[in-house]
């Protein structure tokens, strides 16, 4: 049986061990915060969220024969999310993806960040937004539009980033088989880069069912940002996908050209420039699993989407003791371009004091 909520006393020990803050007073405050699991439900469609990392723990929906399954990878307990390293379902920030050499210059000042990916900063650093306790502001479990809103205050200097930042995320089921994720962040005091992302690992056949290489994917993106093979940092170019293994303008099996991806990666970990403008809600991707009939359509309003085929998963024990392996899921992380803060030609992710960053995603499921 899944143990959904870790007892507070045990969780507090985990949080202190992880060093969630640099001061004993802040540790004491963290220790008094309760971490829980919350459900949103609309008929046979439901999701679970924990305020640890504003993490999406499960998405349960039927297939073409009415069989229910959870279609996101993850763990059974909050304790496993605390100790996990795969970012399963987490809300990523302050800046998702990589920042080269863990540093950037803004308004004439150079900021040095926590290095957690070789010489780079990845997903906000060692203690990004997916590794902190969020405050639940509202929770409506059922009814016509179940929703939950979570809040996190990121302090000036956290993981090296400048300025205070007030961050909100809302998960909502606005109608049957539709999941909306709305993120916003307001800068306080100083300008700062902001690039939030949602890091769900999707397997429409059901989590733990095996590889997603047979699922089909379509990406509404005719360009991508090539990277240095050794560091996965963008070169600064924005190149056409035509004639490359990155071309998913027409639906194709995830594994159709996976072995042709250059750099010896044998999988996708690629930022695409989404067609149709930078900051309006538009179609991003469509995924379908032929065996179950489940399909997912993603709409969002960000300039990019990171398509990741779980190349780094290897022997990760997940829900119900299932072991997740390479290609066991795919991620579609809508975002600003990686390392945008060091590439003036990329769409800016800088938020000035008083300005509000917004990021909206809509997942539409059919079966």
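Placement of Cβ uses the backbone N, Cα and C atoms for every residue, glycine included.
Where the annotation comes from TrEMBL, it is an automatic prediction and has not been curated.
Residues or ranges marked as active site, proton donor in TrEMBL: 199. Residues or ranges marked as active site, proton acceptor by TrEMBL: 333. Here TrEMBL flags 97, 98, 199, 200, 201, 269 as beta-D-galactose binding site. Among the features that TrEMBL reports, signal peptide is placed at 1-26.
Structural mapping of features recorded in TrEMBL.
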{"residue": "97", "record": "beta-D-galactose binding site", "CB count, 10 Å": "27"}
{"residue": "98", "record": "beta-D-galactose binding site", "CB count, 10 Å": "22"}
{"residue": "199", "record": "active site, proton donor", "CB count, 10 Å": "22"}
{"residue": "200", "record": "beta-D-galactose binding site", "CB count, 10 Å": "25"}
{"residue": "201", "record": "beta-D-galactose binding site", "CB count, 10 Å": "26"}
{"residue": "269", "record": "beta-D-galactose binding site", "CB count, 10 Å": "18"}
{"residue": "333", "record": "active site, proton acceptor", "CB count, 10 Å": "23"}
Rounded Cα-Cα span from residue 333 (active site, proton acceptor) to residue 201 (beta-D-galactose binding site), Å: 10
Listed recorded positions among 98, 269, 333 whose Cα sits within 10 Å of residue 199 (active site, proton donor): 333
Rounded Cα-Cα span from residue 333 (active site, proton acceptor) to residue 269 (beta-D-galactose binding site), Å: 10
